[in-house]
Amino acid sequence: MTGAAPSPTRSRRPASVASLLADVRDVGRDPRRGGYSRFAYAPAELELRTWFEAEAARRSLDVVTDRNGILWAWRPGPGGSLDDAVVTGSHLDSVPGGGEFDGPLGVASAFAALDLLDARDVGGERPLAIVAFPEEEGGRFGRACLGSQLMTGEQDPDRVLGLLDADGTSLADALTGAGLDPVHLGRDEEALRRIGVFVELHVEQGRGLVDLDQPVAVASSILGHGRWRLTVTGEGNHAGATLMADRRDPMVAAAQVVVAVRDLASSRPDARATVGRLQPVPGGTNVIASRVDLWLDVRHPDDDVTRALVAQVLESAHAVCAAEGCAVELVEESYSGQVRFDAGLRDRLRGVLPDAPVLATGAGHDAGVLAAHVPSAMLFTRNPTGVSHSPEEHVDDADAEAGAAALADVLQDLLVPREPR
Ligand code: GLV
Ligand code: MN
Ligand code: MN
């Protein structure tokens, strides 16, 4: 990280996205998994928060961490107003072993875009904020978009404070460890009221822009998606002393559930279903597990299809578990229906960026959570590999700058009152 002292906004050259990201390139590298593991409120994400605060201070922005752990960097409007703000940003946390750009690209692009606006000397007429939402990936506590869903009231604080991470640390303790008071978690009317419009820039998590040979796109929609946890219980026992015929092995049942998930989803057009996390308890090579926790991610544009698919998975799980002498329970962890971004705002972005194609995405985002509450939009920056949630995710420097310039153009259009036609 750089440690230069804050300087007044207009005395600096605009920072490039590449230089901003270079300052945190080594934060949260995961030598075991590859890529980055930047879990909410764990040391790497806290270091990124410190970087965010330093970049905000360098630009004379006022940094606030709100009651849900969301970081804000404010440039107030006339008279110090924070109302009806133009808000941009993304998240700093990652999936386990994720890429460098999913989240931080949107935050770095926001700072770079602000520098471009400053260089153009525009935009003081309306408040502007750069935001970083915690636990967007649910990589630590399992709930996707936890920070934004707490802010909008979609997650009940009393039901999430006891969530445990892989080491048994509760969300309440993680918040306390990060200097936040868990009692203040929950729907934040003031924060919602201040957001006049939210625009999130994100690395594209597919090949749409590669195929269209364009650096930047405007988002149209986000696929509906949810998470469920299946707990398969059997009988823990000794790997050498237990005959094959005498076993009630939940791992064998769980393996069949994984195949059933693949088969059931494959038979439904547009469905995507994944078991990306399977945890045997206690998890020893010479131990027949007593329990297996299996996390299921299902996505489809139609809620009814998603619900039917999950019901079929459970039915199939009951059958295979019964055949293995095991039992299964299912709990819904989170659900977000299909999001269609505000059409008027999307068209406004297209007016500013006439060459940008309009793309749908299968990935979830805080902008999707906010879309039900405030006008929201997204920009995507090209990812030449088309791969994400993997160390293979990539953004070329020139595309990162094109993304920041596009974001600056969009923010300028939103910040500067238009002449009446
Ligand atoms: C987050 O990127 C998700 O789509 O799960
Ligand atoms: Mn993301
Ligand atoms: Mn992601």
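Each residue's number is its place along the chain shown, starting with 1.
The backbone N, Cα and C atoms fix where each Cβ goes, glycine too.
Any TrEMBL annotation is an automated prediction that lacks curation.
According to TrEMBL, GLU137, HIS389 bind Zn(2+) 2; the candidate from ASP102, ASP173, ASP347 that the record adds to this site is ASP102.
DSSP gives ASP102 (Zn(2+) 1 binding site) a coil state; it is part of no helix or strand. Within the set of binding-site residues ASP102, HIS202, ARG227, ASN286, the entry lying nearest in space to HIS389 (Zn(2+) 2 binding site) is ASP102 (CA atoms). Distance between Cα atoms for GLU137 (Zn(2+) 2 binding site) and HIS91 (Zn(2+) 1 binding site): 9 Å, as a whole number. One residue stands out among the binding-site residues HIS91, HIS202, ARG227, ARG299, HIS389 for having the most other Cβ atoms within 10 Å of its Cβ: HIS91.
With a CB cut-off of under 6 A applied against ligand 2, the binding-site residues ASP102, ASN286, ARG299, HIS389 are reduced to ASP102. Around ASP102 (Zn(2+) 1 binding site), the same-chain residues six or more apart in sequence whose CB sits under 8 Å from its CB are SER94, VAL95, GLU137, HIS202, VAL203, GLN205, SER388, HIS389, GLU393, listed in sequence order.
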